[in-house]
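Report on the following structure.
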Amino acid sequence: MSIDYDIVIIGGSLTGRYAALAATQLHATVALVESQVNYGFIHHQAMSEIGKLTQGLSDAANFGIHATQANTSDKCQISVALPEAMQYARGIVSNIQEQNSPAILAALGVDVIFGKGQFQSSPHLGFAVNNRLLRGRTYLLANGSRPAIPDIEGLQTTGYLTLSDIWQSLKEAKLPKNWVIIGGLPQSIDIAQTLARLGCSVTLIVKYASILPYVDPEIAQLLQAQLEVDGVRVLTQTPVTQVMRIQDKKWIQAADKAIETDEILVAIGQQPNIESLNLATVGVKWQQRSLVVNEKLQTTNHRIYACGDVIGGYDFANIANYEAKIALKNALFFPNLRVNYQCVPWAISSDPTLAQVGLTEAQAKRRFGPNEILVLRQYYKSATIAQLRGDTTGICKLIVLHSGEILGATVLGTEAKELINPIALAISQKILVKHLGNLSAVYPSYSEILEQTAQEWSQHRLNSNNALQDFLEGFFHFRRNWNL
Ligand SMILES: Cc1cc2nc3c(=O)[nH]c(=O)nc-3n(C[C@H](O)[C@H](O)[C@H](O)COP(=O)(O)OP(=O)(O)OC[C@H]3O[C@@H](n4cnc5c(N)ncnc54)[C@H](O)[C@@H]3O)c2cc1C
Ligand SMILES: NC(=O)c1ccc[n+]([C@@H]2O[C@H](COP(=O)([O-])OP(=O)(O)OC[C@H]3O[C@@H](n4cnc5c(N)ncnc54)[C@H](O)[C@@H]3O)[C@@H](O)[C@H]2O)c1
């Protein structure tokens, strides 16, 4: 069989492009097939930053900072001009787009093909696009997912927005005032807070007991409390059963509550983009929420690999890139590598930020038994930097074995995204918690929180070792008595 490319990558967002560049660096020949890149999530991040800035400016008075109108003693009101904010966000998207442009990829040796294409199985496995048949030794599906829409009575006829189109579809100069968000995905938590900070009235509705069922409950509760402080009304254990339009208002029936709103955002999960790919013909299987892959990220056709949102799980760009690395190496060389999500962190850009890696306390206790686990925690208020910046809401929680092996961590607080990365590295490199405790972190810095949390381990070891405590007491008693 003759081939045109060592790998054909289908889907060219940040992950597809990342995989394509990594392949060319390894001197493999690569085709990247892309239908239409959507940088919606960068747009969202920009809006989220504007929301945080607005909040920061509103809090300025706590630091004794007051702004007054020229020639009057009236205080300034903080407000966001949506068209200008959207223009700023579009500018960021355009910069990122430029950095990842097809011209740059082509210059680096990637054959970029615009189109949608589909697999064909005969006479040989190939990917047909724009009247061309791309024959790859292997294929990588990085073609993402789209919002899953629940079968709720009246939802389709009433109309709704999703995480993919929320910002792009807003045409008015002002945001709709009242929002209902259905579903507690990581991204919907962030969007709820951003909308509230931009002046909207937001109700977040989830059908489970927690806004984020896979997160440490203590921390999910703290995050929920912060959302409520920001003015988000949170309804848990409240399944939405019906949606309807009455005149120009939308109405939501959630358990025994009827809620009137201007706009609805549906965020209950994603489903893979698979329909147009002709996957059944080439033996690739899928489920409702994801493609079926093994630990090597091979689909049920061993020459076709997949990574990113198309294979399900939490949708995060860094998780997609991690999977792309594994899938790419398996596809180009011998398929030996297996995914291990234990050391891949993820974070929500909420304020305070939530970041998690490895096992939660409950998962660790289930896997190793409750007596084998130590939970080390430190609150942000103990760190000088948090006091200086006035952001003392936060906690760092490390889950460790008695041996000092780190199993997981959850951090809620400023710079949690930065703190989680060294913990992920410690987990992957099996660096014991005592080494994190010996950090000598820069003072004042948020890393102190990590250092202090890790030091709890030595303190716990000492407190639970009576023989060592007796020895130390005796040792210093002896030195004092003998003046040594
Ligand atoms: C509102 C929002 C906020 C987010 N915030 C964050 C965040 O803060 N941090 C974070 O890590 N992640 C965030 N994410 C998630 C992140 O965007 C995704 O996890 C990441 O982009 C995964 O990349 P992917 O390549 O799997 O899928 P996508 O980014 O969806 O890319 C798939 C690509 O494949 C193309 N494609 C689809 N079908 C075909 C076809 N048949 N042929 C050719 N091409 C095709 C599409 O056009 C698209 O460009 C957010 C997502 C949303 C919606
Ligand atoms: N990283 C992880 O640890 C992990 C683990 C499991 C699942 N996931 C992923 O997280 C995503 C969500 O998973 P899930 O199993 O919670 O999905 P789900 O469809 O059961 O729920 C998603 C969210 O929508 C809410 N919801 C759904 N229907 C609703 C309704 N009618 N009314 C009100 N709220 C409603 C749920 O309460 C939840 O907050 C999926 O994409 C899944 O693959 C991640």
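Yeah, the Cβs are placed from backbone N, Cα and C, and that goes for glycine too.
These figures come from a predicted structure and were not determined experimentally.
Copied over from TrEMBL, here are the features:
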DOMAIN    5-323  domain 'FAD/NAD(P)-binding'
BINDING   Gly117, Asp309  FAD binding site
BINDING   Gly269  NAD(+) binding site
DOMAIN    344-452  domain 'Pyridine nucleotide-disulphide oxidoreductase dimerisation'
Sorted by position, what residues of the same chain at least six away from Gly117 (FAD binding site) have a C-beta under 8 A from it?
Ile10, Val33, Phe127, Ala128, Val129, Asn130, Leu134, Leu277
A correct count of other C-beta atoms within 10 Å of the C-beta of Asp309 (FAD binding site) gives 26
Reported in the order helix, strand, coil, what are the DSSP residue counts of the domain 'Pyridine nucleotide-disulphide oxidoreductase dimerisation' (344-452)?
44 helix, 29 strand, 36 coil
Please state whether DSSP places Gly269 (NAD(+) binding site) in a helix, a strand or coil.
coil
Measure from each Cβ of the binding-site residues Gly117, Gly269, Asp309 to the atoms of ligand 2 and list the residues where some distance is under 6 Å.
Gly269
Length of the line joining the Cα atoms of Gly269 (NAD(+) binding site) and Asp309 (FAD binding site), in Å:
11
Protein Cβ atoms within 10 Å of Gly269 (NAD(+) binding site), excluding its own:
16
